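Participant: Below is the structure I would like to discuss, written out as structure tokens.
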Amino acid sequence: MGIKTALPAAELGLYSLVLSGALAYAGRGLLEASQDGAHRKAFRESVRPGWEYLGRKMDVADFEWVMWFTNFRNIIVFALSGHVLFAKLCTMVAPQLRSWMYAVYGVLAVVGTMGPWYLLLLLGHCVVLYVASLLGQRWLCLALGLASLASFKMDPGISWQSGFVTGTFDLQDVLFHGGSGFTVLRCTSFALESCAHPDRRYSLADLLKYNFYLPFFFFGPIMTFDRFQAQVSQEPVRPEGELWRIQTQAGLSAAAIVAVDIFFHFFYILTIPSDLKFASRLPDSALAGLAYSNLVYDWVKAAVLFGVVNTVARLDHLDPPQPPKCITALYVFGETYVYDHIGGDHSAVIPELAASVATFVITTLWLGPCDIVYLWSVLNCFGLNFELWAQKLAEHGPLAQIEARLSEQMSRRVRALCGAVNFWAIIMYNLVSLNSLEFTELVARRLILTGFPQTTLAVLFVTYCGVQLVKERERSLALEEEQRQDKEKLE
């Protein structure tokens, strides 16, 4: 009720004004804090000289970002450019062999980066799961897939298998875990697909072509085997305007990388949480902005990686998975994870519980079992299920009767208020893994306990304004889609 209801333009304008002002105020506080802490001893390791023409130090606390887009940028660009070049030549000369070219180039890149013994290790896991797929038992394929993944995340398996990598370089650990983890997931997808369609008779060569596609190999995303097989088997025809869209996506990814680097010269959002003594002196507004900006940055990093990889994949005539939804547009847990196979439409309590538990068991294994990961998984699993329980409670009994008496606009306002509370639950639950438990406790104590009621209500109201604007955007898009469908029916 009230979801498709429009609010007065003046009210939405007020929400925009409040949200813009609050973000600017919090940003000013973070900027001042970054300037004050630039020369602190605790910042020395992660705040270092940046671009000379900006004349400021840069936050380099995120090892992965620095490795990807600074230290190893040229190597990554060279490897992906070589893939694009050879893929284009093969598509022009022998398009029916392009999937083989992808695999051969990917194998050579893996050998050149990680060594031949690492390649043999991954081939061993591929063969094991391929043999399991021939037996046609999905439970066996899933069990072996989880066991293979666990062997890369837990001792003694991880200690023994890491010895297969030759040489030593800064990005080695990231590439090892990325390549091995995604290999296991892809092999599991292949095995499950083979069990689901025994009449199709997939070969080991099909699995190797799927697994060693270089753009997806180290950093994902996961394109399920059935989608990959169908797309690489099609004739490579590019729709009208597709090349322009690819160029636009590539330009946006490059612009995002530059924007993040510039942002890190002025806002030390990754370093400040590590110094709790300094962070505790931040104003409440700046602390709330710091917590929010950490989650936004985590999404931006994922979106940039998706964007770079997806650009290459789309040049190869593939339709890769889309990047994750921005945290700014999320106010429900149900949109933060994909677990549809068991959960279905996510309307039944027991299937939803089973789906969320299964999702976070696998996610915990993927991230590497430890206390922080356990806590993060439990909190987010609880959030997913509590959201459904609250929804079921609101649909029946007194709450449903109360909402029935409200106007549609007031119903939308009430739901947006609930969404604001949920939004901060999502932030708090994920800060545990992105930063630290101590920083999460600091944020919770300042925003909920010592800041009550002024800070608590102010933060909720600002968040409420943001949720309303997101809802308005969703309503507009839904209306445009309905109009488009109506137009197509008339034609």
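Placement of Cβ uses the backbone N, Cα and C atoms for every residue, glycine included.
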Participant: According to TrEMBL, which of these ranges is transmembrane segment: 12-31, 372-391?
Facilitator: 12-31
Participant: Return the stretch with the most CB pairs under 8 A relative to the transmembrane segment (12-31), choosing among 65-87, 127-152, 250-271, 452-470.
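Facilitator: That would be 452-470.
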Participant: Mind checking which residues of the chain, 6+ beyond the ends of the transmembrane segment (65-87), have their Cβ under 8 Å from one of its Cβ atoms?
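Facilitator: Cβ under 8 Å, 6 or more out: 98, 101-102, 105-106, 109, 170-171, 174, 214-215, 257, 260-261, 301, 305, 308, 312, 315-316.
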Participant: What parts of the chain pack near the transmembrane segment (452-470), using Cβ distances under 8 Å and only residues at least 6 beyond its ends?
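Facilitator: Same-chain contacts beyond the ends: 7, 12, 14-16, 18-19, 22, 284-285, 288, 328-329, 331, 412-413, 416-417, 419-421, 423-424, 446.
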